[in-house]
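Below is one structure, written out as structure tokens, with a few remarks after it.
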Amino acid sequence: FFSIHSHRLIVCLLLLIANYFGSANSMGMSTGIVCMVNSTLSVDKFAKADNSQCAVKQDSDFDDEFAIPGTMEWTPSQQSLLLSARFYGSFITVAFTGIIADRFGPDLVLTIVLILSSLITILTPPLAYANYHLLLVSRFVMGVVESFHLPSINCLAARWFPTGEKTIAASMFTAGYQFASGFSSLFAASLCKSSLFGGWPSIFYIFGGSCGVFIVLWIIFGIGGPSGNRWLSEKERKYLEDRIKIKMKGGKRTVPFSRILFSSPVHSVLLCNFAFAFSTSIMTAFLPLFLRELGLSIDTIGWYTLTPFLAQIAGKVVIAPSIDYCASRDILSLTTATKIAQSMGSFGASAALLLLSFLPSCENPTAAFCILLGYGLVYAGGTSGFYTSMLSLSPSNIGTIASMFAVSRVAAAVSSTSIVNALTASGTPLKWTFVYAIAALFQLIGGLHFLIFGTSECLS
């Protein structure tokens, strides 16, 4: 796999970059909107929040970070709708995206997805200047486009990586999400304050333009699959054909929906995916607010927020090769190895989230750093656990399973947001205790179910 002659290693790196742009293009708006809106954000808003219990610094301490002038006169509700529009778009189409990827080919679907994502990102500044509602529609369409991204990636992974390499490959190409989550916001913030292209528009021009350059590389080196890629040597092609058996009859193909829907291993994958997506949604959307309410400075919050995502990458570097080594050397079966990895991920993340729910305080806010570091390290076990299982269960029907996988992911994001909003509206001082405790419970349930019913054996 790591040979200089291995084209599937190149494909894996291309998928990593594709994952990066798939996330970064969508997340650019989260940072960009701070610079786009014509308002001066006041730290007093944090101090007056119902659940804020810690003293925070005054406005004068954060002039550079919070007093960024913009030109858009959008109300808070309009800003919120812009940030959530893509989730509504994804929710509408996510159920059948994997089926479309199976039918028309994941490489073609991913190419179209990347082109549309790049165009929408580049068009964001002119649409923002032209009309709010046009921009809102574009964010909705971005969500529709985004819903095809993950199923296409999963279909390609099932076609390119044999069983003994799925764990290490998945750990590598999914790192694109961590890079996007950890670094795109920092990069966008620096662009926001620059004079390049007028400040905030540079976020969308650079992100979208860079994605366009990558599309050219993807079309040249990634399209074709193992059977049609012109860069693949005959030796490597035969190696993959002997180890990856995907029934592609062309035209219509019967998908065993009932068998998939009532499969306990599939249920395990979906439960674990829901639990991990629930936790991830909280970390990406609400972790900065949680840390702000602990009284931490903006610079400190930035590094604390980056910590779990960097730790996830470090965890993957250790866990994935260990799992692949044990499975390839027959030290452990792949199912046993993935169960060990998933137990580390689920139970470890559950313990970290539980600690996060009550240990950090106004007097001891730095405890959050150690917990987030540990959380990121063990969280990486999920990629070598339930994610590897998902890619192995039924390669011929990976698109259908990937669609269910994506639905559970969107459902988790919607659920976590709704719970936080409901607790915030209720004004309970124990909001974060409840939020992280609920996330810990989901991780515990998913881990137990996978430990009992999970498998990485091919079912069909």
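Each residue, glycine too, has its Cβ placed from N, Cα and C.
TrEMBL lists transmembrane segment for one of the ranges 130-150, 340-360, namely 340-360.
Contact count against the transmembrane segment (81-101) (Cβ pairs under 8 Å) is highest for 399-420, out of 108-128, 399-420, 432-453. Residues 46, 181, 301, 304-305, 308, 342, 345-346, 349, 353, 372, 379, 382, 385-387, 389-390, 393, 401, 404-405, 408-409, 411-413, 415-417, 420, 435-436, 438-439, 442-443, 445-447, 449-450, 454 of the same chain, all 6+ positions outside the transmembrane segment (269-289), place their C-beta atoms under 8 angstroms from a C-beta of that stretch. Listed by sequence, the residues of this chain that lie at least six past the ends of the transmembrane segment (399-420) yet keep a Cβ under 8 A from its Cβ atoms are 84, 87, 90-91, 94-103, 106, 147, 150-151, 154-155, 255, 257, 260, 266, 269-271, 273-278, 281-282, 285-286, 390, 393, 431, 434-435, 438-439. Two recorded stretches are said to be in contact when at least 3 C-beta pairs lie under 8 angstroms, sequence spacing 6 or more; the transmembrane segment (340-360) and the transmembrane segment (432-453) meet this definition. Using a Cβ-Cβ cut-off under 8 Å and counting only residues 6 or more beyond its ends in the same chain, the transmembrane segment (108-128) has close neighbours at 18, 21-22, 25-26, 28-29, 32, 36, 72, 100-101, 134-135, 138, 141-142, 145-146, 148-149, 152-153, 156, 197, 200-201, 204-205, 207-209, 211-212, 214-215, 218-219, 223.
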